[in-house]
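Peer 1: Supplied in structure tokens, the structure appears directly below.
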Amino acid sequence: MNWWTNNKGEFNKLAKLTGPILVAQLTQMLMSVVDTVMAGRKGALDLAAVSVGGSIFVPATLLVFGLALALAPIISHLDGSNSHRRIANILQQGLYACAIVGVITLIGMSSAPWLLDIMEVEDDFRAITLDYLFYISWGIPGFVIYAVLRNFCEGLSNTMPSLIIGFIGLLINIPANYIFVYGKFGMPELGGAGCGLATAIVLWGMALSMVVYTFTAKRYKRLRLLRRWYRPNWDDVTYVIRIGFPISMSLFFEVSLFAAVALLIAPLGPTVVSAHQIALNISSLVYMVPLSISMAVTLRVGFALGAGNPKNAMLSFKLAMLFGGVFAGVNGLIMYLGGGWLASLYTPDKDIINLAATLMGLAAIFTVSDTFQAISIGTLRGYKDTKYPMILAFISYWPFGLTVGYILGLTDWVVPAMGAAGFWIGFISGLSVAAVLLSLRLRRVSRRYERKHFREQLNSAA
């Protein structure tokens, strides 16, 4: 009880950061749901085109998002050390870095026709998908601006703008989809491609909202963000890239793992694919909580280290683990006991419900491993340690997790082929290995920081 009383203040700070981030993440998921519903009501071809287009767009933008995420711990370090004069420069250098990568993303998306040719899709399907990508690509500059400014605000422990502007984006998204998908109010009827145009408008709306807030908020006036425009400093730009690129790749390894499994189980039939998708959809929704805790602990750890308090950094980690562990335990129990009921919300098909319920039982364990690895990697980002976590994530997800899943799911080498359940055991194995390896890495990094801080105290005392 005494331990809790002493540390309640830090827990409250962590919770206050986590809440708005969670709501912001959920609004982004809801935008995707709106796209899916609007396109689905238009037709199966439009829905499929939006799905494939999104599968190209999202991985393409991970590089920008990863670089922007690097700004949060960098700025939180500066905030903790009261180095506020350097924040305006690092914000602008981060914008340069993300802008460069944004151009690369646009160039990469130009390969979409080639990818669709390899897939040998129908002409109508190809046309809608390419139109979707054409329209949504206009939103990439807005996405760059929004991502940079969002992480600037969050780096200063101000997460409310993410929440409010997330709602603004959702409020723009619903009518914009309705207008452009169905051709209302004199606008052309674009079908699934209209979702791309709506998303581009949303991204620009969120970017402009974030610009207005950032450069008019009284709390940022002392930072003098517009007093001087800094030229690109390649040392600072490469510094952001050096921290952010491994974050981007870690995200890519995780996203691509789930995409690869979806392709591998596709030949097992629609029942298996549908059950897998239901379990994955629910798990993805649940993951928003540990993801938000992870992003919040990055900020608290970065601030503590900037303030020269490595012990408080590890306290934030322990409290995040406590918070995440309780959530994972309760949520895992709900998923295990109520898996069938949750699956029935998606479909009336008994075969799909039964298989999904089995997968949900595995997803309950998966959630625990996922929570611990997410919080560990978020804490390491607070230490600005991203290179080795990227390597550990790759080893855990691909050579280990996917291999275990493939052997158990599609071969008889160990047990009779388990289908989708085998791949979910692979997910659990990979994420559990990641959680252990990342925890060991964190232990090493945190001790190094504590030794360094101790030596600095001795030197200052001398």
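All residue numbers here begin at 1 and follow the chain in the order shown.
Note that Cβ sites are derived from N, Cα and C of the backbone, with glycine treated the same way.
Pasting the relevant annotations from Swiss-Prot:
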type	residues	note
TRANSMEM	56-78	transmembrane segment
TRANSMEM	90-112	transmembrane segment
TRANSMEM	127-149	transmembrane segment
TRANSMEM	161-183	transmembrane segment
TRANSMEM	193-215	transmembrane segment
TRANSMEM	243-265	transmembrane segment
TRANSMEM	285-307	transmembrane segment
TRANSMEM	319-341	transmembrane segment
TRANSMEM	356-378	transmembrane segment
TRANSMEM	391-410	transmembrane segment
TRANSMEM	420-442	transmembrane segment
Peer 1: Take the transmembrane segment (319-341) and find every residue of the same chain, 6 or more past its ends, with a Cβ under 8 Å from one of its Cβ atoms.
Peer 2: 7, 10-11, 14-15, 18, 282, 286, 289-290, 293-294, 296-297, 300, 353-354, 356-361, 363-365, 367-368, 370-372, 374-375, 378-379
Peer 1: Taking the transmembrane segment (56-78) as the first stretch and the transmembrane segment (285-307) as the second, find out whether 3 or more Cβ pairs fall under 8 Å, excluding pairs closer than 6 in sequence.
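Peer 2: They are in contact.
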Peer 1: Which residues of the chain, 6 or more past the ends of the transmembrane segment (356-378), have a CB below 8 A from one of its CBs?
Peer 2: 250, 274-276, 278-279, 282-283, 286-287, 289-291, 293-298, 317, 320-321, 324-325, 327-329, 331-333, 335-336, 339-340, 342-343, 346, 389, 393, 396, 420-421, 424-425, 427-428, 431-432, 434-435, 438-439, 441-442
Peer 1: Which one of these stretches, 127-149, 161-183, 193-215, 391-410, 420-442, has the most C-beta pairs shorter than 8 Å to the transmembrane segment (90-112)?
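Peer 2: Checked against 127-149, 161-183, 193-215, 391-410, 420-442; highest Cβ contact count belongs to 127-149.
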Peer 1: Are there residues at least 6 beyond the ends of the transmembrane segment (193-215) whose Cβ is under 8 Å from a Cβ of it, and what are they?
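Peer 2: Distant contacts of the transmembrane segment (193-215): 31, 35, 38-39, 49-50, 53, 128, 131-146, 149-150, 152-153, 161, 165-166, 168-169, 172-173, 176-177, 179-183, 225-226.
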